[in-house]
Amino acid sequence: MIFSQGSSPIKGDFSKIKFSIASPESILAHSRGEVLKPETINYRTFKPERDGLMCEKIFGPTKDWECYCGKYKRVRYKGIICDRCGVEVTTKNVRRERMGHISLAVPVVHTWFFRSVPSKIGALLDLSTKELERIIYYEVYVVINPGEPGEKQGIKKFDRLTEEQYFQIITEYEDNQDLEDNDPAKFVAKMGGEAIHTLLKGLNLDEIAVNLRKVLKESGSEQKRADALKRLKVVESFRKSYEPQKRTRKKSTGLFPEEDSPELYIYEGNKPEYMVMEVVPVIPPELRPLVPLEGGRFATSDLNDLYRRVIIRNNRLKKLIDIRAPEVILRNEKRMLQEAVDALFDNSRKANAVKTGESNRPLKSLSDALKGKQGRFRQNLLGKRVDYSGRSVIVVGPELQLHQCGLPKSMAIELFQPFVIRRLVERGIAKSVKSAKKLIDKKDPVVWDVLEKVIDGRPVLLNRAPTLHRLGIQAFQPTLIEGKAIQLHPLVCTAFNADFDGDQMAVHVPLSQEAQLEASLLMLSSHNLILPQSGKPVTVPSQDMVLGMYYLTKARFGDVGQGQLFYSMEEVIIAYNEERAGLHAQIFVKYDGKVDQVSDPVRLVDTLVPEEQAERRAWLKSQIEQKKVLVTTVGRVIFNQHMPEKIGFINKLINKKVAKELIAHLSSQVGNVETAQFLDNIKAVGFGYAMRGGLSIGLSDAIVPETKVKHIKNAQRDSAKVVKEYNRGTLTDNERYNQIVDVWQKTSNLVADESYQKLKNDRDGFNPLYMMLDSGARGSREQVRQLTGMRGLIARPQKSMSGQPGEIIENPIISNLKEGLTVLEYFISTHGARKGLSDTSLKTADAGYLTRRLHDVAQDVIVTIDDCGTTRGLHVERNIEEETSGQIKFREKIKGRVAARDIVDVINDKVVVKAGEIITDELAAAIQDNIGVEEAEIRSVLTCESKVGICSKCYGTNLSVHKLVEMGEAVGVIAAQSIGEPGTQLTLRTFHQGGAAQGGISETETKAFYEGQVELEDVKSVEHSIITEDGIEETRQIVIQKNGKLNIIDPDSGKVLKRYVVPHGAHINVENGQMVRKDQVLFSSEPNSTQILAEMPGFAKFIDIEKGVTYKEEVDPQTGFAQHTIINWRSKLRASETREPRIAIVSESGEIKKTYPVPIKSNLYVEDGQKLNPGDTIAKVPRNLDRVGGDITAGLPKVTELFEARIPTDPAIVSEIDGYVSFGSQRRSSKEIKVKNDFGEEKTYYVQVGKHVLATEGDEVKAGDPLTDGAVSPQDILRIQGPNAVQQYLVNEIQKVYQINAGVEINDKHLEVIVRQMLQKVRVEEAGDTNLLPGDLIDRGTFIEANEAVAEKVRVIDRGDAPPRIQEGQLYKQRDITKLNRELRRNSKSLITIEPALQATSHPVLLGITSAALQTESVISAASFQETTKVLTDAAVAGKVDHLAGLKENVIVGKLIPAGTGLRKYRSIRLQSNEPEEVDVIESASTGDAEEEN
């Protein structure tokens, strides 16, 4: 911000901020005077020293309206400058904004521009940092003008000379010194900042730019081009920031009226020499204060010390120059001055940083004051402390309403004190503010009455740290309570993630009218019932409330009054109060309204009415069928008393899941007000009946099933069988491990199911443990398994922090917690439990950092327009596999989106949703149930084409209000919160399982999902006999081809219902054309290894398989069986030698039919020369299955890896074209894979030896198919399949981690917002005639604008007889040249020859979120994120302008954010009345908006 002499800082309305390098003139213009002395304050008077670092004359008075000497006191002398001490009479606040300066004796280089990477000064002068350093620190001279002596000696400009060389020339050519400095014949060489200043001043940037562009075009050397490009970037930055500003032309002179004379321009902006400082600015003294401590000492800011060093050295140097000290001494002093200024600007970069005397820590320089969490940006500008706030412990307030909170009186009186004082004075209870304060301190009873009136209708904000999403701050209506703890409504705990074990919360008071309106309309807790991350309700009853509702609505056979018929609901309640009917009794009630129920009510009549009352039975059945009588329980009638009429009668057992669905349904049907009322009612009912039920658990409630012993015996027998197989040599160690783990996993699940069933049947389902579990109040099946079944397998904690899963210990814990564990079992289980606790603390920080990066990358994504008009969309298909494996349903993916094209039911050929329509919850549910709709094209943020922000049609509905998103919604921040919040939650929840392993049982059988007809596609199978476990020989069909497919088709329509990929080596159980029923086994496969099978009969022949070289033989000491495993053979051979282990199938004559390469780690199953039948296993490649589930420790690093777009550790090699695979030559460390297509295009890939190749000779592959195993790199997907594919890949992969690892629901649109930001940039390939540079990383929008700018321009090839201002090779507007040509033709002169201007080309770039946040268009936002000094240096050099478009930069400069109610279009709103009489107008910028928002 600019202050000029005598003015105050700009406080007015500004819309953008420009960054540039400060010129000496601008530093002087900001300054109020020169600081000449290093002193701060006088040690006796404690008053600032004149001309010192705290001088009142320069920086302003230390006391309001009082000069230094005391001649002028009081405000009436405002603005007078004292004639005695020279201090202006004004407020002391000016000491926060007035600056001073230090005039340096010699120019000094600014360390930021010299030490930044790449060095800005180095790039302009074409000098390395090392050479620059030697010049700047007075080690060598640099030639500025070689002159005549230089020519004779062969010295050029920019050459470095040592002291000896310099003095040799000086003494040799003595008369040279007599020449003028600007004489071209004079030899001039200098050192230090002065030399750099002179060199920079003499640069011709335009000439350098032309030469560098020439190198770029013509040079063949890649290195030269890279260097030229690096330099050109800096040169162009200076040229762009130093553009002429055209003045208004008074009158034209000269013969050519169209010629522009150079005087008509003023140049402003950066000059290279500004990077060398002649004047150092001194920041205001209040920003580097001196604070008196007790004991008469002072604590000072480090900056004062650093400034002192500069002033002392500068004054000493001036004195030395005056007394004409020897050059050696001067040079040393100049170097010390340079170092002092370096330390002032950036002390942390230096190896020999200036340290403090006592504690020996480096002093904090100006750079350190900006950087990091404690720096100016993050500490003071983004996070401020707030007045009118307090904090206290929270306790539960069960009798509060949803929008209320209990505020302790002592806290309220403190927070609302000014308002109370005002009321007391207004009412005349107190005479003055002072007496009102006394009344408050005495706690006079009248004060409480006034306080009650003051807080009426005034909301307060409650916040619990950490505030991970927007529901972490909500508004409540305070009610005054005794005590010192804040009371919180139990239903808002989930949103705050609060519990009552000592948590604290902060209270804030919104002061202005606008803030109060926003708090009550937008932030009130009863308006925030839905989670923005998934659209699901967040105010869901839990624990006691759920238990109470469950107990109330549960039926018990044989309760008092069972089978009675009641005339009305009221009658039921009377009967219950009179104890004629029990709470759980099943009864009949006359009711003909809407009913939501699960069970078949007619069937219940036979159970409830005795056989002898046959007529009554028949009558009741007919009444029930006519929907006139309802079968329900007394408890359900009581529960439904609180139900809104519109919803009808809920005749279900209410558990947590049902309650959640019910609340979601209510909020969409009847709105927030009634839903909030209902929530308060069921809260009371829940707590009430939990108390009446009196549920508690004892040891006897945990029942261990008797069958447990039998199951464990079976498991022990099965695992012994596996060990026997292993001993026989038919299984590898890896397979043995996997199978044993499977056996125990199955047993554990079996015992768990039986113990669960046992609990369910105990006491008619009224076992307290079972009720807690079944209602969803507390506990999980997993915990019941550990309590009453067996603890099962335990995960061994992982050793690395990189997120690889730990192994499962194959010996399970057979005991459960009721029986008690043995010492060994206890030891094993402590292993996992401790890991959970340590993980929590380590990973919370990681999750928090992820959230911060997400916020930074997406903070400027705001809904700016209604419709961008794009025709593109996202293609979504129904995927049965994902839906059955518990992933996101088709319905969830399309819900709340706008259809990009008509969604059609292909069976009936009718349009279900028209293009441009919103797919509501009802429409989405209908589409889910309609098999005719297989796919849909929806509008998405990923394809939105708006230039700034996004459009509301592409985003779809706002999940928390189920309406199309409004203009100004900060969807980027909501996306970041929605992804970051569960990440943090997940890491905090790992230890609840107690470390028990939950990995999936490896599924070997694939079953039919639909009934239909089998169609086999590319499935080649052979008959193969195998010996089963029982020793019986069986014939099976084994698939010997890769990538075969099995389709299930509808026999009537021929439509494919489901596709399955049949793996290589699978046993197939069905034939082509066979009809199958649902759940019939189609094929089974071995999940633990990849098999290599013989496809034809013949004999095995080993090629390059040599014992001790390419394979090792391991003999099992117990079994004597030898296992052959291929090993990494490279270390065993000389550099020239190479091997490629493979097994060939040969005919009897020895002719090779087919060869199979065998990768490292594979186990051989045949001997050399063995006879083979089709389907025989030649070798197996073991797979590592990730079995440890339920722990996001593995998930969080994965999410980070995806968001940072990192290349995986061992990526797959991916084919870039469609074609056929062939293998080329083999080198020592790699082999060649070629992919060739029918058009003659060929790509060659080199695969490291030992990596498993998935493709075989002759395989057909598609572009993007992996040729080797490993994870596919997102960068490869972008390069080969384009931006759309990589966007879909990232969204799906991240979604998988959250879904599978943690069961957290996040709507796709949030992930899409982040992924969109990762693909915002393009890299320029060819710059064409635009002002871009090749290799530039720029915004897509900037790139399009640059191309549009040259679209209508032409380049002049031959100027013909054009006026002098038309130059060859330059760009001009087409219409101007056409006009000139017309005139030239008229005058029979030769015309101008032109060609169209070339446009730039580019390719999209995928950036990780950290890089994307640093590459943001906003300088302020990037600087506050990371690498502050680098960002500011680059911005200053390029003269960047921050347009303040995002949220962060506006918060930093103290403006309203351009989102929500702070949108610019709302700023000028005024409320006015149409009534004729006068009304008070609320002068507000956001009263109207708050209503518009709602």
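Using the three backbone atoms N, Cα and C, a Cβ is placed for every residue, glycine included.
Quantities reported herein were computed from a predicted structural model and do not represent experimental measurements.
Every protein chain considered, the tally of other Cβ atoms within 10 Å of the Cβ of Cys82 (Zn(2+) 1 binding site) stands at 20. Marked as Zn(2+) 1 binding site by Swiss-Prot on the basis of sequence analysis: Cys67, Cys69, Cys82, Cys85.
Sequence-distant contacts of Asp501 (Mg(2+) binding site), defined by Cβ-Cβ distance under 8 angstroms and a gap of at least six in the same chain, do not exist. Annotated Mg(2+) binding site per Swiss-Prot: Asp499, Asp501, Asp503, in sequence order, evidence recorded as sequence analysis.
There are 24 other Cβ atoms within 10 Å of the Cβ belonging to Cys944 (Zn(2+) 2 binding site). For Cys868, Cys944, Cys951, Cys954, the entry in Swiss-Prot reads Zn(2+) 2 binding site.
In terms of local Cβ density within 10 Å, Asp503 ranks first among the binding-site residues Asp499, Asp503. Within 8 Å of the centroid defined by the CB atoms of Asp499, Asp501, Asp503, the record's Mg(2+) site, lie the Cβ atoms of Ile394, Ala498, Phe500, Gly502, excluding the listed residues themselves. Neighbour density at the Cβ, taken as the number of other Cβ atoms within 10 Å, is lowest among the binding-site residues Cys868, Cys954 for Cys868.
For the pair Asp503 (Mg(2+) binding site) and Cys868 (Zn(2+) 2 binding site), the Cα-Cα distance reads 46 Å. Other Cβ atoms within 10 Å of the Cβ of Cys951 (Zn(2+) 2 binding site), summed over all protein chains shown, number 22.
Closest to Asp499 (Mg(2+) binding site) by Cα-Cα distance, out of the binding-site residues Cys69, Cys82, Cys944, is Cys944.
Among the binding-site residues Cys868, Cys951, Cys954, the residue whose Cα lies closest in space to that of Cys85 (Zn(2+) 1 binding site) is Cys951. Looking only at Cα atoms, Cys67 (Zn(2+) 1 binding site) sits nearest to Cys951 among the binding-site residues Cys868, Cys944, Cys951. A simple Cβ count within 10 Å picks out one of the binding-site residues Cys67, Cys69, Cys85 as the most packed, and that one is Cys67.
A Cα-Cα distance of 63 Å separates Cys868 (Zn(2+) 2 binding site) from Cys82 (Zn(2+) 1 binding site).
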